[in-house]
Amino acid sequence: MELVDHLRDERNKAQFDVEAMKVVWAGSPQELQLCDRMANLVANHPAFEKLKRPMLVRKELFKNSLRKAAYARKLVIDLGLSEEEAKWLRFYIDEPTYPDLHWGMFIPAIEGQGSEEQKEKWLPLSRNMQIIGCYAQTEMGHGSNVQGLETTATFDAQQDHFIIHSPTLTSTKWWPGGLGKVSTHAVVYARLIVNGEFHGVHGWYNYYSFSFFLYLEDHSPLPGITVGDVGLKFGNGAYNTMDNGLLRFHHVRIPRNQMLMRVSQVSREGKYMQCDDVPRQLIYGTMVSVRQTIVAMVSRTLSRAVCIATRYSALRRQHSSSSLVVPCFLMIDYQSQQSRLFPLLASAYAFKFVGEWLKWLYTDVKQRLEANDFSTLPEAHASTAGLKSLTTSATVDGIEECMKLCGGDGYLVSSGLPELFAVSVPACTYEGDNTVLMLQVARFVVKTVSEVGYKEPLGTSSYIRRLNTLLHNNCLVQTGEDWVKGDRIVEAFEARAARMAVTCTQHLAKFQDPEQGFSELSADLVEVAVAHCQLIVVSKFVEKLAQDIPGKGVKEALEVLCYVYALFLVHKHQGDFLVTGYLTPKQASLANRQLRILYSRLRPNAIALVDAFNHTDHYLSSVVGRYDGNVYPNLYQAAFNDPFNDSHVPDGYHQYIHPILNQTLAKL
Ligand SMILES: CCCCC/C=C\C/C=C\C/C=C\CC/C=C/C(=O)SCCNC(=O)CCNC(=O)[C@H](O)C(C)(C)COP(=O)(O)OP(=O)(O)OC[C@H]1O[C@@H](n2cnc3c(N)ncnc32)[C@H](O)[C@@H]1OP(=O)(O)O
Ligand SMILES: Cc1cc2nc3c(=O)[nH]c(=O)nc-3n(C[C@H](O)[C@H](O)[C@H](O)COP(=O)(O)OP(=O)(O)OC[C@H]3O[C@@H](n4cnc5c(N)ncnc54)[C@H](O)[C@@H]3O)c2cc1C
């Protein structure tokens, strides 16, 4: 049967080379080839079917996810896949499961915080999956406040042991993924007590379950340990494939050498030693690593939602305002639809490029840390925390908007959007609540501003070196066209960020107690941090455009996206730009007018730009976002694929409907 491409006319409108754009989106021809291979491996393997997922009850859902993870592991071994290939394989399986935490947090925690001897012992076991681990930091009473963790690790010099204990209900470890049912081991964060003295929070490599011996049928916890799942989470399917767990210790003994000893050590004699030159913050290093990973991946999540909404918008017709009878307008041709959709399309590209940059920054920091150079850690912390916060919040809001952009059909599970939203929304909370993370960025920015004159601002904060110019020179834009110049746009974002930071720093200086000031001004400080992070995203997009980008029309299409992203933000936050006095109302309205012109330039490329994401239909799992655009027959069929339509007479009909129809309610 001949396949009909319902989006062919839209595809023919493209003004750039889509294959070349696919390479830009993937990062390199090699990355494109790798992702394509892994995506198709998953798409063509029946083991990874996922359409029935939202219909399954938790126990079936969980068993199904274990089966998929086991198949994935088998494929990794049978095909001899590299760690990088295995990572993409897991990504395209598109189901949160215990290996995410094992590979994403447990192993990095040992790598970053273990001594050489500890790494030699535990890493091979972990990499071969002879043990499965998780990252147990959060407690029932303490998530953001890591210093408040209550679990204790008391050194017993006589037996050369640590005694791990949960002294209160609120000290129960609460939320760690993979902990509830699967993991055999955990990196546990607890307060160190040596000779009755507290030494703050540290990490311990710990085992809590007999399941280390995989052949045991009885998967029961070690004595003194209570473990379980925290319970059903938001959205059927979604994150319920993960066994987020709870864990309590009752005076559980572990050998002294299971304390992760890179940052500090306890000797056989019970002497506590902070390792020379290694900052205590290194115990937070795993979070820096995962926040970076989240930013590297988030653009794919947003691109998925945008791809679905763009394709459906380019197919579905609505009435024009002049004729309520003849459906003529494609949804995508409504200005109002474009003004909601195109900034999200531009954001997906913007987040991809900032993610690439952050990966570079993190790789550099990691190498420095290995060589005991900790100088760039504060910058890495602020950038990973801020960008994780900015991009996940925007992505989750964006998915919700895409759902609305598809009208009622977006709300159907078969659109793929509700599940995508449910699985993504906890990203605003895990790895640090987004507001708490923005406050960390604000601390960094305010500190940088306060130190001007005696400490040189570096990296992402180097704009603060030009504070005088940024505070006193106002915007030079006179025409709409003036707004589509990279350096002018970056300068506008620098001026806004600098002015907001200086104002807040001055307000803070009025408080005698800086912490009280920080608390009272926290809402303003979050806005300072947002301005700083948006500047990073905009400037990295502009820097990307300065590179050599091959392919017909590719650079031009990216330029339009970059300006859409930036001018959309200028419009959305015009209050900031106006209040700081950098823009006049006239310049702000020129930005908005230019934005509309950019939407019309983006319009013919819209479908090609989402095709360049190279998403398979399996990954999208969306009837309305199908590549061939053959939506309506499939939407109709999907309704009948729902087991609820197996029968015309649902359970309960005879019992509860017949009495109403027959007026025999009294018998109920
Ligand atoms: C939307 C789509 C999503 C797509 C997703 C795609 C892929 C997903 C991939 C992976 C995700 C998979 C699973 C997720 C699993 C989730 C796991 C978790 O959630 S683990 C638990 C995470 N918990 C947190 O993040 C807690 C947040 N709290 C903190 O980080 C800290 O306590 C806080 C708030 C930063 C600081 O507290 P505070 O008490 O004020 O300060 P401290 O005394 O602790 O420290 C002060 C100094 O330390 C510096 N600092 C803080 N953090 C770090 C760090 N991480 N690295 C380096 N330095 C750090 C801080 O700047 C202070 O420095 P100065 O003294 O000012 O110099
Ligand atoms: C799906 C999922 C997976 C997770 N996986 C893991 C895991 O594998 N391992 C692990 O250890 N943890 C995990 N967590 C826990 C996660 O890291 C915490 O939920 C997160 O750090 C936030 O902490 P909290 O839940 O205690 O929220 P809280 O800190 O109680 O925050 C609640 C509210 O208070 C505000 N708030 C808190 N502190 C401040 C402050 N100082 N200033 C201003 N506002 C503040 C926040 O903005 C938020 O609005 C997971 C959580 C989820 C949802």
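Glycine too: its Cβ is placed from the backbone N, Cα and C atoms.
Per TrEMBL, these features apply:
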type	residues	note
ACT_SITE	GLU431	active site, proton acceptor
BINDING	THR138, GLY177	FAD binding site
DOMAIN	17-132	domain 'Acyl-coenzyme A oxidase N-terminal'
DOMAIN	284-445	domain 'Acyl-CoA oxidase C-alpha1'
DOMAIN	488-662	domain 'Acyl-CoA oxidase C-terminal'
For the domain 'Acyl-coenzyme A oxidase N-terminal' (17-132), the DSSP helix/strand/coil residue counts are 90 helix, 0 strand, 26 coil
In sequence order, which residues at least six apart in the same chain have a CB under 8 Å from the CB of the residue listed as 'active site, proton acceptor'? MET287, VAL290, ARG291, ILE294, LYS388
A correct count of other C-beta atoms within 10 Å of the C-beta of GLY177 (FAD binding site) gives 25
For THR138 (FAD binding site), the nonlocal same-chain Cβ neighbours (under 8 Å, six or more residues apart) come out as LYS173, TRP174, TRP175, PRO176
Mean pLDDT for the domain 'Acyl-CoA oxidase C-alpha1' (284-445), as a whole number? 94
